[in-house]
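Report on the structure given below.
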């Protein structure tokens with residue numbers, strides 16, 4: 001009888017502790033749960049009201065867009081006021097620390113601006129699909145979970161939720177064959193890269209028996225009794241690591257796995273292209289860093305060689321291929337491939353300085369691209385007085401310096417910053433990155449990076465030349481700049497201009513984050 005009472009009390013205590021554990025988990029994950037729940041409610045709201053009032057699609061899209069912006073702001077506030085700063089959640093499948101908090105804030109900030117500066121475009125282009133904004137919120141919430149992933153299972157589920165949203169978003173403009181082509185290409189090649197990721201995860205699990213990142217690190221360093229007994233286990237794990245590496249390089253559009261990005265970025269609607277180019281890189285680089293610096297640091301030399309080769313090829317191809325482009329979005333796509341090469345250079349260092357340089361460059365890169373797309377999403381009024389809310393060719397910028405001098409000056413400063421001309425934010429981030437590479441004895445990588453940065457000045461400054469010194473073939477001028485785009489341009493331009501004069505706050509934050517990740 002006493003044994004039965006004792007067993008029942010133990011079961012009750014165990015149940016109570018598990019309930020308390022999950023309460024803490026839900027409290028820690030409240031920002032992600034809030035954003036995901038908001039996306040579901042917005043989807044239901046859109047479905048119900050679109051069936052009731054079929055003619056009010058534009059109004060419905062505006063309402064959902066505004067509510068999505070509010071959801072991003074509230075999620076950011078919840079993230080800053082979270083009572084839990086460091087924790088392992090959901091049976092060690094999710095992780096919260098300073099690194100994840102910083103990246104989540106950056107994801108929410110960039111998602112907010114991507115939706116905010118696209119409001120006028122969606123209205124002018126008559127993309128009456130409220131699902132596009134809902135899918136943006138779903139993909140943002142999946143990226144928040146992706147950054148917190150501490151296990152291969154949660155990693156793959158988050159990546160798949162993000163990818164499924166992206167496939168639909170690329171083809172959201174159903175009356176455009178280019179958008180449909182972009183969605184199909186993205187789906188086929190994205191499924192292939194997801195297969196590579198899953199195959200790498202299965203290989204590692206098959207030979208180690210674990211999927212948790214920290215447990216993998218203990219096994220590879222010999223810190224547990226679970227050692228790799230057979231002679232084939234270690235090479236098989238290394239092969240799995242290579243498949244993981246290839247899958248991530250595919251997702252971040254690094255050479256030689258970049259072939260899908262120019263077509264997808266050009267075919268997708270411009271706001272979707274902005275989202276693809278800005279937001280996912282934060283989440284992917286975050287989990288990329290955590291896996292390879294925590295779990296596979298004992299394989300540092302093999303994956304460092306792969307990253308160095310990919311970084312050099314990305315910088316060279318991105319700089320050379322962009323020279324011959326006449327379409328603005330293809331030029332931006334190849335430019336982003338070059339920037340991924342610079343980010344991989346910081347990753348290849350494998351040091352605290354390299355990770356800090358990567359985070360600073362990523363932060364500056366996001367602000368520069370937000371500024372550039374806020375400019376590109378402004379409308380053009382042609383000679384027949386029809387408004388076209390996007391720039392398609394580089395020649396569309398002709399004579400902008402005369403018709404809109406303030407807008408042309410803003411875009412000029414952004415181009416100079418992306419080219420790395422002092423004293424702008426882009427110069428500081430590139431200089432810090434190259435110094436970090438040289439401190440890790442990667443002199444060849446630093447020299448090639450400097451040369452490619454000089455080469456990239458040609459196509460960035462060519463846009464400035466078109467704006468100020470070329471006349472238009474067909475007369476066109478910019479219409480009134482939307483308020484949302486003007487606010488976005490002002491905020492990001494202020495950052496680009498004055499960041500180098502006071503970089504201390506970002507410098508201290510990124511240094512603290514790099515210490516928590518590397519130590």
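Count begins at 1; order follows the chain as displayed.
Positions of Cβ are set from backbone N, Cα and C atoms, glycine also.
Listed in TrEMBL for this protein:
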DOMAIN    149-456  domain 'NADH:quinone oxidoreductase/Mrp antiporter transmembrane'
TRANSMEM  33-52  transmembrane segment
TRANSMEM  64-82  transmembrane segment
TRANSMEM  102-122  transmembrane segment
TRANSMEM  129-147  transmembrane segment
TRANSMEM  153-172  transmembrane segment
TRANSMEM  184-207  transmembrane segment
TRANSMEM  272-293  transmembrane segment
TRANSMEM  305-324  transmembrane segment
TRANSMEM  358-378  transmembrane segment
TRANSMEM  399-421  transmembrane segment
TRANSMEM  441-461  transmembrane segment
TRANSMEM  482-502  transmembrane segment
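Same-chain residues lying 6+ beyond the ends of the transmembrane segment (102-122) with a Cβ under 8 Å from its Cβ atoms: 31, 61-62, 65, 68-69, 72-73, 75-76, 79-80, 132-133, 136-137, 140, 143-144, 147-148, 269-271, 274-275, 278-279, 282-283, 286, 359, 362-363, 366, 370, 373-374, 377, 379, 389-390, 482, 484-485, 487-488, 492, 509-510, 513. Beyond the ends of the transmembrane segment (184-207), by six or more residues, the same chain brings 152, 155-156, 159-160, 163, 166-167, 170-171, 216, 228, 232-233, 236-237, 239-248, 250-251, 257, 259-260, 263-264, 267 to within a C-beta distance below 8 angstroms of the stretch.
Between the transmembrane segment (358-378) and the transmembrane segment (272-293), the number of CB pairs under 8 angstroms, six or more residues apart, is three or more, so the stretches are in contact. For the transmembrane segment (482-502), the list of distant contacts is 113, 116-117, 119-120, 364, 367-368, 370-371, 374-375, 377-379, 407, 410, 413-414, 417, 422-428: same-chain residues at least six beyond its ends, Cβ to Cβ under 8 Å. Ranked by Cβ pairs under 8 Å to the transmembrane segment (272-293), the stretches 33-52, 129-147, 153-172, 305-324, 399-421 are led by 129-147. Between the transmembrane segment (129-147) and the stretches 33-52, 64-82, 153-172, 305-324, 399-421, the greatest number of Cβ pairs separated by less than 8 Å involves 153-172. Packing against the transmembrane segment (64-82) from elsewhere in the chain are residues 28, 30-32, 34-35, 38-39, 42, 45-46, 96, 101, 104-105, 108-109, 111-112, 115-116, 118-119, 122, 130, 133-134, 136-137, 140: each is 6 or more residues past its ends and has a CB under 8 Å from a CB in it.
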